[in-house]
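So the structure is just underneath, and the comments pick up after that.
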Amino acid sequence: MTELKNDRYLRALLRQPVDVTPVWMMRQAGRYLPEYKATRAQAGDFMSLCKNAELACEVTLQPLRRYPLDAAILFSDILTVPDAMGLGLYFEAGEGPRFTSPVTCKADVDKLPIPDPEDELGYVMNAVRTIRHELKGEVPLIGFSGSPWTLATYMVEGGSSKAFTVIKKMMYADPQALHALLDKLAKSVTLYLNAQIKAGAQAVMIFDTWGGVLTGRDYQQFSLYYMHKIVDGLLRENDGRRVPVTLFTKGGGQWLEAMAETGCDALGLDWTTDIADARRRVGNKVALQGNMDPSMLYAPPARIEEEVATILAGFGHGEGHVFNLGHGIHQDVPPEHAGVFVEAVHRLSEQYHR
């Protein structure tokens, strides 16, 4: 494989020295970029874009042409795994993702296959291989998956939810069915991420977008337990390099200590967690990624720079920080504001790495 020219991101995740704090943005390939909108229009719809390796590669690379980002992230969707299980994924205009056959009981769970990542999800692996080839070693490629709990919310609710009453009803009234589903998803996600690593992903991230809707006890049993199983089953070395793993639970700031015990290399922080506090609590165990409020990118450039400086000062000197937003970039953010953000991270972080 091509020699990696910029390994700042991988080094920071492993808490090794870097010259400046590395930065990338969740959803950096996305609708805030006019070139993304053009490519998506060419693809026809969102899943067609995900399933076309050349177009998925093109949108993955678009933000790297604009900004000096320190990592690329595979352009895909967290719902590829449930889609490959045959739930009939489709996108409703203005409604987001929906499934034609949601999971309602243990019998439904028993019928679900564990998808073969090189078969039903082969299009994702083709995209990973294509992107790795086209990156030419400029920056590392991040692979990802949704967490079992987060995938289960969509599969049981039949799509997006605000109150999560359907899955919580299953959790409290039929916990065996939900555990069976989460176990099957943990096995599927482990295979899926390992296949991404073999195809060329140099780091992986598990997005637990909806873990924060749970009580502490339920989070441990229904979300963290299954992410821990995945971390235990992941390939941690490939191509002679360690493959770092980041866990991100949105709304999970109160559980960082438990998350750090999973054996992951880094924790993603949303903007509601104070990064100085997070470093005091778990910085001796894991790297931290985050955590500017994505809405800050609506602010004037000087205010964006001020916020970057505040977060850098909060983390302080030393290694183990990957700068990011606290969640995905919003689709109506001015692209030049994202440029201000990336440039500010590199320029203002130098003093913390001398």
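Just so you know, the numbers here start at 1 and follow the chain as drawn.
Cβ atoms are placed via backbone N, Cα and C, with glycine included.
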Check: Out of Thr209, Thr215, Thr273, which does Swiss-Prot tie to the same substrate site as Arg27, Gln28, Ala29, Gly30, Arg31, Phe46, Asp77, Tyr154, His327?
Finding: Thr209
Check: Fewest neighbouring Cβ atoms within 10 Å: which of the binding-site residues Arg27, Arg31?
Finding: Arg31
Check: In sequence order, which residues at least six apart in the same chain have a CB under 8 Å from the CB of Thr209 (substrate binding site)?
Finding: Ile78, Gly146, Ser147, Thr150, Lys250
Checklist line | Under 8 Å by Cβ from Asp77 (substrate binding site), counting only residues of that chain that are 6 or more apart | finding: Phe46, Met47, Cys50, Pro97
